[in-house]
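Written out below as structure tokens is the structure these notes cover.
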Amino acid sequence: MKTLEEVAKALKNTYMEHEVDEKLPLIQEIQRLKKEKNAILLGHNYMTPDVFHGVSDITGDSLYLSKVAADTDADVILFNGVHFMAETAKLMSPQKKVLIADLKAGCSLAESITRQDVIDLKQKYPGVPVVTYVNCTADVKAETDICCTSANALQVVESLESDTVIFLPDRYLAANVQNLTQKKIITHPGSCMVHEMYSAEDIELTRRQFPGVTVISHPECKTEVVDRSDYSGSTSQMSDFIRKSEAKNIFLITECSMGDNLRSEFPDRHFVSTCQVCPHMKKITLEKIRDSLLYDQYEIHLDPEVIEKGRMSVQRMLDLSFKK
């Protein structure tokens with residue numbers, strides 16, 4: 001757990017000094033409640049800096065946080081992210097109390113597909129394996145052979161023996177995987193409301209304005225964006241790329257808070273962006289996190305059959321990605 005001094009130092013890269021001073025008492029209260037409840041707070045990379053740096057014990061992308069959820073010894077998991085992420089934590093630790101600070105923190109991708117959609121596709125393409133991006137509900141995962149994240153999508157697809165794969169629900173991630181594999185990809189018209197907003201023109205304008213800028217995009221973006229980027233990867237892969245790179249000017253094509261959080265880790269870099277905000281991620285606030293711990297709200301409950309089947313699809317992914 002970071003000290004309040006360490007938190008304050010990290011937050012001063014994003015907030016005014018008086019804003020930091022206002023946040024610290026609430027952060028201190030959350031830290032106290034965490035210890036009382038033996039709770040672990042998992043924070044996705046798209047959390048605002050006060051949540052990301054201030055109260056999250058473990059931060060990262062969906063793949064890493066899924067593994068942490070499966071391995072934790074904490075009694076309570078509070079997921080600072082959106083609803084499908086908390087559901088995934090419940091799948092992987094069904095015996096734990098899993099909380100999310102706001103039940104309305106949804107996801108445009110998760111809302112784009114239903115369990116029945118998957119059943120219908122399986123009937124239309126019998127015997128074809130189904131790969132589902134983790135950005136979906138638990139009952140969709142329950143109809144899936146194996147899950148994937150943006151960090152391991154190609155690895156998962158290539159691991160399957162079939163020449164044809166059903167890949168759901170992100171059409172842009174599917175298209176970017178299709179460009180890297182010989183397998184035939186059958187997909188679904190889902191998309192991320194944040195990443196689909198970026199265009200090739202955004203990159204061209206930024207390159208003209210900042211000659212020599214390094215462009216890093218998320219694979220949920222359109223192919224025209226990914227193809228024009230210097231690198232494309234998951235949020236954790238973006239961080240790793242920057243850590244190993246000497247690039248000074250970086251155009252980060254993803255959700256706003258990712259850049260805000262990286263500024264604290266890389267104060268010597270200049271992040272330029274046409275920022276896109278995820279309204280769902282921004283529903284998670286310090287006040288709601290405090291109330292979640294204080295009142296044990298809002299707990300994730302899943303049908304036992306969904307847990308059994310959905311857990312298998314996530315576990316297959318983890319076994320593949322973290323095999324020893």
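Yeah, the Cβs are placed from backbone N, Cα and C, and that goes for glycine too.
A coil conformation is recorded for H218 (iminosuccinate binding site) in the three-state DSSP classification, outside any helix or strand. Feature annotation from Swiss-Prot assigns iminosuccinate binding site to H44, S62, Y133, V134, N135, S150, H218, P219, E220, T235.
C278 ([4Fe-4S] cluster binding site) is surrounded by 22 other CB atoms, counting those within 10 A of its CB over all protein chains shown. Residues annotated as [4Fe-4S] cluster binding site in Swiss-Prot: C107, C192, C278.
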H44 (iminosuccinate binding site) versus C278 ([4Fe-4S] cluster binding site) - Cα distance in angstrom: 12
Cα-Cα distance linking C107 ([4Fe-4S] cluster binding site) and E220 (iminosuccinate binding site), given in Å to the nearest integer: 13
Euclidean distance between Cα atoms of N135 (iminosuccinate binding site) and C107 ([4Fe-4S] cluster binding site), Å: 7
Recorded iminosuccinate site residues H44, S62, Y133, V134, N135, S150, H218, P219, E220, T235, farthest C-alpha pair in Å: 17
Neighbouring C-beta atoms (10 Å sphere around the C-beta of N135 (iminosuccinate binding site)): 28
